[in-house]
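Per TrEMBL, domain 'MARVEL' is recorded for 14-140. Residues or ranges marked as transmembrane segment in TrEMBL: 20-37, 49-68, 88-106, 113-136.
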Amino acid sequence: PSARPSEGRLDPVYPRTYSALLKVAQMVTLLIAFICVRSSVWYSYSAYSYFQVVTICNLIMILVFYLVHLFRLYRLLTCISWPLSELLHYLIGTLLLLIASIVAASKSYSQSGLVAGAIFGFVATFLCLASIWMSYKISCVTQST
């Protein structure tokens, strides 16, 4: 017997949702920010190594949440509150990314690659703020009604 599209392991609708498109935009901007900083000459090792760690860790976690929703793993791992864990990740990750972007921008010394990395870091921070709002609406507002 063939399964209906809504019952399969892969969610064919999820990649077209706002949440998925926002996650893809975040991953792309974080990857661009990482590459810009990685390929530039650094003047402050600690500032840019911190920036790289924060961008890659955020990128990996966003990819994990994307895959959890894409493959419907939240149905198998019911012991985890996925909306709440996603909200907490975005709260902490966005704060760390904002700090890293501010430090990277202040230590760029007008190097174009470092400035571009900091700008993409700020763009990713803005996109993460949008995800915080969406996660908050899903985990807090809908559960209270």
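Here the Cβ of each residue, glycine as well, is placed from N, Cα and C on the backbone.
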Taken over the domain 'MARVEL' (14-140), the model's mean pLDDT: 93
Counts by DSSP class (helix H/G/I, strand E/B, coil) across the domain 'MARVEL' (14-140): 107 helix, 0 strand, 20 coil
